[in-house]
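Features of the protein shown, as given by TrEMBL:
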- 175-192: compositional bias 'Low complexity' (COMPBIAS)
- 207-228: compositional bias 'Basic and acidic residues' (COMPBIAS)
- 72-168: domain 'Cytochrome b5 heme-binding' (DOMAIN)
- 172-228: region 'Disordered' (REGION)
- 24-45: transmembrane segment (TRANSMEM)
Amino acid sequence: MVGVEFLETLKEAITAYTGLSPNAFFTVLAAGIAVYYVFSILFGGSPQHQPRPRSFEEDVQPLPPPVQLGEISEEDLKAYDGNDPQKPLLMAIKGQIYDVSQSRMFYGPGGPYALFAGKDASRALAKMSFDDQDLNGDLTGLGAFELDALQDWEYKFMSKYVKVGTIKKPEVAPEASTAAEPTQQTATEPAESPAADPSVPAAHVAESTEAKEEKKETSTTEEAAKDE
């Protein structure tokens, strides 16, 4: 009884909303479904022969494990700026080198922070500067706010990236010893005359001078006597 009432209600609704008799309505509906399947077969192709789209994970190659470099110079670090796809992408903060290869879209070529790669960018990160003169590890003259900003960057790198080395500090040439200078000066100083030495009495100097003159006169007299 309930089923019969439902069918009668459905027929009345079809007629009221479509203006068609129930038979005409179901005929049109069947024709529409048949047309849909025909077009799907002719133009859509078989789902079994459609190429399977490659997923994003298949396009991305897995990153090699970070390689520990130890202590390298700033000049050597420049070779890891991302231009060589066979080398890891490295960046340093406060002399500590991190492998940022997983964030190549940011630090690799064409990325917004690409100019930081292959360098110790401590000063630039502290000042949030993109000037070439700030792309170094010199922290001289930075204020408390800038040092706090740099500390936040360092914490972020320590938690997200693997540390692979440190930057070798440039060797400072030892200062020349000044211990030998007094000896050299003493050796090159001219000998002072007895007259200039205050420790020699003036009378003794005068007597020496007179003795030399007398000796010279005696020698002259002797030579004259021999000539005669």
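Glycine is treated like the rest: Cβ placed from N, Cα and C.
In terms of DSSP helix, strand and coil, the domain 'Cytochrome b5 heme-binding' (72-168) has 43 helix, 16 strand, 38 coil.
In the predicted model, the domain 'Cytochrome b5 heme-binding' (72-168) shows an average pLDDT of 94.
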